[in-house]
Amino acid sequence: MGNETSLPMEMCSNFDADEIRRLGKRFRKLDLDNSGALSVDEFMSLPELQQNPLVQRVIDIFDADGNGEVDFKEFIQGVSQFSVKGDKLSKLRFAFRIYDMDNDGYISNGELFQVLKMMVGNNLKDTQLQQIVDKTIGFADKDEDGKISFDEFCSVVGNTDIHKKMVVDV
């Protein structure tokens, strides 16, 4: 990877050239079939993600072009959101996108249910989970349109330190 590849990466990420080189090495190690893109299985070889119930959602968000794989540019842009230099708003937007599965700018009752179901599995009955979803929507949905906008999401989680936990070491 020469300078011609890393310079645009620096411009579209929170990483400097050395960090991009290190990430490039990590990417190439993960790219087991040398295809230039990471499949879901290759992503799952990351120990940090193996136990994460939301790994598929993370991959979906990283996969900007929706082709089912994450190329190096998508990888850099995705991981960049978890950089210590990443800003709070970007981290909140990423967290919001985990829940906004259809990417329409809102978290619906059904989307919140699906994501929470991924997290809790069968530890709660669906009726219990639905009660939590309904209460959460009722609490966060200030304009009472039945869904949570990004602004409403930020009103609820923006005062927490969630963005400080959304950091990976490069």
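The backbone N, Cα and C atoms fix where each Cβ goes, and this holds for glycine too.
What Swiss-Prot records for ASP31, ASP33, SER35, GLU42 is Ca(2+) 1 binding site, and it gives sequence analysis as the kind of evidence. The Ca(2+) 2 binding site annotation in Swiss-Prot covers ASP63, ASP65, ASN67, GLU69, GLU74. Marked as Ca(2+) 3 binding site by Swiss-Prot on the basis of sequence analysis: ASP100, ASP102, ASP104, TYR106, GLU111. Residues or ranges marked as Ca(2+) 4 binding site by Swiss-Prot: ASP141, ASP143, ASP145, LYS147, GLU152. Feature annotation from Swiss-Prot assigns domain 'EF-hand 1' to 18-46; the stated evidence is sequence analysis. The domain 'EF-hand 2' annotation in Swiss-Prot covers 50-85. Look at Swiss-Prot and you will find 87-122 tagged as domain 'EF-hand 3', backed by sequence analysis. What Swiss-Prot records for 128-163 is domain 'EF-hand 4'. Here Swiss-Prot flags SER35 as phosphoserine.
Structural mapping of features recorded in Swiss-Prot.
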{"residue": "GLU42", "record": "Ca(2+) 1 binding site", "Cβ contacts under 8 Å, 6 or more apart": "LEU30, ASP31, LEU32, ASP33"}
{"residue": "ASP65", "record": "Ca(2+) 2 binding site", "Cβ contacts under 8 Å, 6 or more apart": "GLU74"}
{"residue": "GLU69", "record": "Ca(2+) 2 binding site", "Cβ contacts under 8 Å, 6 or more apart": "SER35, ALA37, LEU38, SER39, ASP63"}
{"residue": "ASP100", "record": "Ca(2+) 3 binding site", "Cβ contacts under 8 Å, 6 or more apart": "TYR106, ILE107, GLU111"}
{"residue": "ASP102", "record": "Ca(2+) 3 binding site", "Cβ contacts under 8 Å, 6 or more apart": "SER108, GLU111"}
{"residue": "ASP104", "record": "Ca(2+) 3 binding site", "Cβ contacts under 8 Å, 6 or more apart": "none"}
{"residue": "ASP145", "record": "Ca(2+) 4 binding site", "Cβ contacts under 8 Å, 6 or more apart": "none"}
{"residue": "GLU152", "record": "Ca(2+) 4 binding site", "Cβ contacts under 8 Å, 6 or more apart": "ALA140, ASP141, LYS142, ASP143"}
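Long-range C-beta contacts of LYS147 (Ca(2+) 4 binding site), restricted to its own chain and to partners at least six residues apart, with a cutoff below 8 Å, comprise TYR106, ILE107, SER108, ASN109, ILE137, ASP141. Counting only same-chain residues 6+ beyond the ends of the domain 'EF-hand 4' (128-163), those with a CB under 8 A from a CB of the stretch are 88, 91-93, 95-96, 99, 105-109, 112-113, 116-117, 120.
Listed in sequence order, ALA37 are the same-chain residues six or more apart from ASN67 (Ca(2+) 2 binding site) with CB atoms under 8 A from its CB. When the domain 'EF-hand 3' (87-122) is classified with DSSP, helix, strand and coil residues number 24 helix, 2 strand, 10 coil. According to DSSP, GLU42 (Ca(2+) 1 binding site) is assigned to a helical segment. Apart from ASP31, ASP33, SER35, GLU42, the residues listed for Ca(2+) 1, the same chain places the Cβ atoms of LEU30, LEU32, ASN34, GLY36, ALA37, LEU38, SER39 within 8 Å of the centroid of those Cβ atoms. Using a 10 Å Cβ-Cβ cutoff, GLU111 (Ca(2+) 3 binding site) registers 19 neighbours.
Cβ contacts within 10 Å of GLU74 (Ca(2+) 2 binding site), excluding its own Cβ and spanning all protein chains shown: 19.
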